[in-house]
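Over in TrEMBL, the protein carries these features:
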ACT_SITE  A:His16  active site, proton acceptor
BINDING   A:Arg12, A:Asp13, A:Ser166, A:His193, A:Tyr284  substrate binding site
BINDING   A:Asp13, A:His193, A:His195  Mn(2+) binding site
DOMAIN    A:4-254  domain 'Pyruvate carboxyltransferase'
SITE      A:Arg12  site 'Transition state stabilizer'
Amino acid sequence: MTQLKITEVALRDGSHAMSHQYTVEQVRNITKGLNAARVPYIEVAHGDGLGGSTIQYGLSKTDELKLIEAAVEEADFSKIAVLLLPGIGTIQDLKEAHRIGAKMVRVATHVTEADVAKQHLETAKNLGMETVGFLMMSHMAPVDKLVEQAKLMESYGADTVYAVDSAGAMLPYEVSEKIKALRDALTVNIGYHAHNNLGLAIGNTLAAIEHGATRIDGSVRALGAGAGNAQTEVLVAVLEKMEVETGIDLYKMMDLAEEVVAPIMQTTQEITKDSLTLGYAGVYSSFRLHAERAAKKFNIDSRDILIELGKREIVGGQEDMIVDVAAELAQKNQVTV
Amino acid sequence: MSKVKVGIIGSGNIGSDLMVKLRKSETLELTTMMGIDATSRGMQHAKEIGLTVFDNGVDGLLDNPELVDIIFDATSAKAHLHNAEIAKKLGKKMLDLTPAAIGPSVVPPVNIEEHLDAGNINMITCGGQATIPIIHAINEVAPVEYGEIVATISSKSAGPGTRANIDEFTETTAKGIEEVGGAKRGKAIIILNPAEPPIMMRDTVYAIVEEGSMAEEKITASVRKMVAKVQEYVPGYKLRTEPIFDGNHVTVFIEVEGAGHYLPKYAGNLDIMTSAAVKVAEELATSLPKVAVN
C-alpha cells in the first residue's frame with residue numbers, strides 16, 4: 001500500500017479562524033514544530049488561497065508571500081504547499097509562490113467546475129511542482145458527477161485528486177461511497193479533506209482511508225474554518241493504534257498543539273451552534289465568522305442566515321451573499337413584526 | 001441614411017447573442033458570420049437567416065472586404081491576435097469582445113467618446129462592463145484608492161472560452177478597474193455557481209475611498225445616475241440595495257438580468273457584454289461617414 005501522507009492545513013484553512021491575522025513569527029514557530037514532527041506537507045496561504053486577501057474574504061495582516069517564504073526557510077523536511085482558486089488567484093501568483101519555494105499546489109474549484117483549473121495545473125506541472133486537484137463542496141455532487149470532474153483533474157495533470165468536504169456535511173457512508181468510486185475510476189492518488197462541523201472529521205477520514213484515500217488533510221488543534229478539520233495529532237494517534245504508518249511523531253505533534261498553537265487561537269475550537277449549522281445546512285466553512293458578523297449587524301440569528309445560504313446552494317467564495325441574505329432576512333423580519 | 005455593415009467572428013454564446021441584437025439595430029446591418037465550425041448551432045442559424053457565412057473565420061473577408069465596415073470579435077484572446085491583424089490590413093473597425101485587450105478599453109457610459117477614433121476597441125469583460133461604471137461613479141465624487149469586484153455568474157452562462165482562460169478575466173477586469181474606472185489599485189474575482197435554476201448575474205463592488213473624502217449622499221447620487229445610464233442599453237441592470245457605507249468603504253450590490261435573446265434571462269453577463277459592444281458600434285456608425293470621406 002502507498003504510504004499515507006498527511007498535509008497540515010492550519011496555516012491555510014486556519015487562516016479563516018485567525019481572521020487572516022497570521023504573523024511571520026507565528027508561521028515560523030508552527031512550521032518549525034511541524035517540520036520537527038516530520039509532517040510531509042504544510043499548506044501556507046490566505047484561507048481562500050493565493051490572492052485571497054480581499055475585502056470579500058478578509059484582508060491579510062501579512063502578505064502571504066512573506067508567510068510562505070518564512071515557512072520555506074523553517075522547513076528542511078516538510079514541503080510547503082499553496083492553495084490556488086482559479087477566479088481568485090492567478091498563474092502569476094502561482095509562479096511567485098513557486099519562485100520562493102512552494103513545492104506543491106492544490107488547485108481548487110467547486111466540485112462541478114473542474115475545467116477552470118486546467119491552465120493552472122498544467123502550468124504547475126511545467127514548473128515541476130507536485131499537483132493536486134481539489135474538488136470543493138464535494139457533498140453537493142452525486143457520485144458520477146464527482147468522478148467525471150475528478151477525471152478531468154487527472155487529465156490536466158493532477159498527481160492527486162481530493163474530495164473536499166468544505167462544509168463538513170458528508171456522512172460516513174457517503175464518504176465511503178465517493179472515495180471508493182474515485183479509487184475505482186482514477187489511477188492517481190485520492191485525497192480527502194474533512195471539516196468537523198458534524199463531529200465526523202476523524203470518522204469520515206477513517207472511512208476515506210479504508211476505501212483507498214492516501215492523502216489526508218488535518219489541522220493541528222483543529223485550527224481550521226468552521227469546527228476545524230480532522231485534528232492532526234488526534235488523527236496521528238488513531239492511525240498509530242490502527243498500525244497505519246504516517247511517519248509523524250505523535251508526542252511532538254501533541255506538544256506543538258498544546259504549547260504553540262493553542263495559545264495563539266482566538267477561541268478554543270469546539271462545535272459551536274454556528275459550526276454545527278454549517279455542516280447541517282451544507283455551507284462553506286469559512287462563512288461562519290462572516291455570518292456571525294452579519295447577524296450582529298442586522299440583529300438576526302446567524303443560523304437563519306446559514307440555513308438560507310444552504311437553501312440557495314451558495315458555493316465557496318460567495319461571501320458577498322452573506323450580507324445580502326442577512327439584509328433580506330432582516331427586512332422580512334420587520335415586515336412580519 | 002444607409003446602415004453600416006457589420007460582421008461577427010465566432011459563433012458561440014457571445015456571437016449568437018450578437019446576431020439577435022444586431023438584427024434589431026436601426027443603424028447597423030448584420031451581413032456576415034465568420035466561424036470555424038460550419039456545423040455549429042450558431043453557424044447553422046446564420047445560414048438560415050440569410051447571412052454570408054465563412055467557415056474559415058476572418059480569412060473569408062480577405063476576398064470580400066466590402067461585406068463589413070465594423071467587425072465584432074467573439075472568439076478568444078489568442079484568436080483575436082490574428083483577427084485584429086486582418087482587420088487592420090483591411091482597414092476595418094474592430095470591436096474586441098475577448099480579453100485580449102490590444103486596443104483601448106471602453107465602457108460606454110464612461111469613456112466612449114475618447115476612443116471613437118481607435119481602430120481596435122476592447123470591451124474588457126462582462127464583469128468589467130457591469131462594475132467599472134460604478135467604480136467610476138464613486139471615483140468622480142471621492143478618489144478610489146482600491147476597487148474590488150466580485151462577479152458571480154451561473155455555470156451555464158460561462159462558455160468554454162471563459163472557462164479555459166479564467167485568469168484573463170480577472171487580470172483584464174482588474175486593469176479596467178484601474179485604467180477606466182480610475183481606481184489606484186484594482187482586483188477582480190469571478191465565481192461560477194452551478195445552482196438550478198441558474199442564478200442571475202450578480203456583481204458586488206467594494207471601494208475604499210481616500211481618507212477624508214467620503215461623501216455618502218453624493219456617492220449614492222452619482223451611482224444612481226450611472227445606473228440609469230447603463231440601463232439605457234441594458235434595461236435589466238439594477239441596484240439590489242442602496243450603497244452601503246462603512247468608514248471609508250463603499251459596497252454596491254448589482255444584479256444584471258439579461259434580455260433573454262440567445263440565452264435565458266439569467267445570463268446577464270452575456271447581455272451586458274454584447275449590449276455594450278452594440279452600443280459602441282452604434283456610436284461608431286454615426287461617426288463613421290465622417291471618417292469614410294477621407
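Just so you know, glycine gets a Cβ as well, placed from its N, Cα and C.
TrEMBL feature annotations superimposed on the structure.
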residue	record	Cβ contacts under 8 Å, 6 or more apart
A:Arg12	substrate binding site	A:Glu43, A:Val44, A:Ala45, A:His46, A:Gly47, A:Gly49, A:Val82, A:Leu83
A:Asp13	substrate binding site	A:Glu43, A:Gly47, A:Asp217, A:Ser219, A:Leu223, A:Gly224, A:Ala225, A:Gly228, A:Asn229
A:His16	active site, proton acceptor	A:Gly47, A:Gly58, A:Gly224, A:Ala225, A:Ser285, A:Ser286, A:Arg288, A:Leu289
A:Ser166	substrate binding site	A:Met136, A:Met137, A:Ser138, A:His193, A:His195, A:Tyr284, A:Ser285, A:Gly316
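Using a 10 Å Cβ-Cβ cutoff, A:His195 (Mn(2+) binding site) registers 32 neighbours.
Across the domain 'Pyruvate carboxyltransferase' (A:4-254), the model assigns an average pLDDT of 98. Neighbour density for A:Tyr284 (substrate binding site): within 10 A of its CB lie 28 other CB atoms from the protein chains shown. Site extent for substrate: among the recorded binding residues A:Arg12, A:Asp13, A:Ser166, A:His193, A:Tyr284, the largest C-alpha separation is 15 Å.
The residue listed as 'active site, proton acceptor' falls within a helix when secondary structure is assigned with DSSP. Cβ-based neighbour count (10 Å, all protein chains) for A:His193 (substrate binding site) stands at 33.
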